[in-house]
Amino acid sequence: YKVSVAPEMDIMEYCRKEWRGNTPVAKRMRKGYEAVAQKFASIRRVRGDNYCALRATLFQALSQATQLPSRLQSEDFITLPENLLRKYDWIQQWQLKQKLGRKMGDISDEIKEYLMLLRKKWKNISEIKSPIEKQEACDKLFKNEEEEYSLYEALKFLMLNTAIELYNDDKNGRRVPVFSWLLFARDTSSNPCQLMHNHLNHIGHSGGLEQVEMFLLAYALQHTIQVYRLYKYSTDEFITLYPNDPEEDWPVVTLITEDDRHYNIPVRMCQETML
């Protein structure tokens with residue numbers, strides 16, 4: 001199998017290996033890593049395919065999960081696919097992960113399966129008390145390719161559902177977060193149907209998550225995603241929050257990126273030294 005999340009490595013050692021030269025870019029990256037190293041001791045490399053933002057976010061969310069997010073607890077969580085398909089028949093064109101010989105028309109059952117798997121795994125891992133055992137359970141899950149990719153389908157479907165909610169809220173004059181306007185201001189995603197066809201269907205296949213879709217992912221999971229964007233070191237975008245005005249009670253997951261395309265995971269928060 002391919003390793004999805006590599007074992008941890010000292011963060012500065014990793015940086016020295018990756019950024020040796022004396023170019024302005026290398027210097028900036030080293031400064032960025034030094035700043036991250038004030039807070040985290042280690043880094044775990046995340047496999048770099050087009051699922052990498054979903055992989056890094058989900059891994060971090062699960063490895064610190066202590067309860068099911070309220071969205072996953074709700075009564076209608078599992079019936080989401082059939083409820084949405086009843087209203088929006090264009091969802092039949094959802095691009096499921098490659099399965100040979102899949103007949104069209106059973107899409108809602110398949111997505112339901114993925115959502116059930118997400119809820120089950122999240123619940124099981126959040127109930128593990130020992131941090132070491134919790135980490136082992138996450139490592140094991142992210143070595144099981146079949147399950148891992150099913151979870152990304154579930155996440156993408158939650159993103160679609162969230163986009164539909166936001167779009168409808170805006171149309172009905174309710175307040176929506178600013179990113180929602182940006183999401184639907186793109187020529188390629190002026191409504192949820194286009195968003196699905198031109199963006200969500202491509203995630204994992206021919207493209208990763210764009211900036212504005214990081215907001216959507218954060219909303220779908222009800223987690224704040226905090227990202228150290230190393231190439232933005234020494235600007236006020238060095239640490240970016242998705243969403244930028246997070247809900248107080250949302251858990252925070254932290255990622256690192258050098259280019260807004262590939263994400264790695266910082267681990268082992270340094271003990272804050274008492275002055």
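Don't overthink the numbers, they just go from 1 along the chain as shown.
Glycine is no exception: its Cβ is also placed from the backbone N, Cα and C atoms.
These come from TrEMBL:
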type	residues	note
ACT_SITE	D49	active site
ACT_SITE	C52	active site, nucleophile
SITE	E237	site 'Linear diubiquitin binding'
ACT_SITE	H262	active site
*When neighbour density is defined as the number of other C-beta atoms within 10 angstroms of a residue's C-beta, which of the recorded positions D49, C52, E237, H262 has the lowest density?*
E237
_Cα-to-Cα gap, H262 (active site) vs E237 (site 'Linear diubiquitin binding'), nearest whole Å_ = 17
*Cα separation, C52 (active site, nucleophile) to E237 (site 'Linear diubiquitin binding') (Å, whole number)*: 21
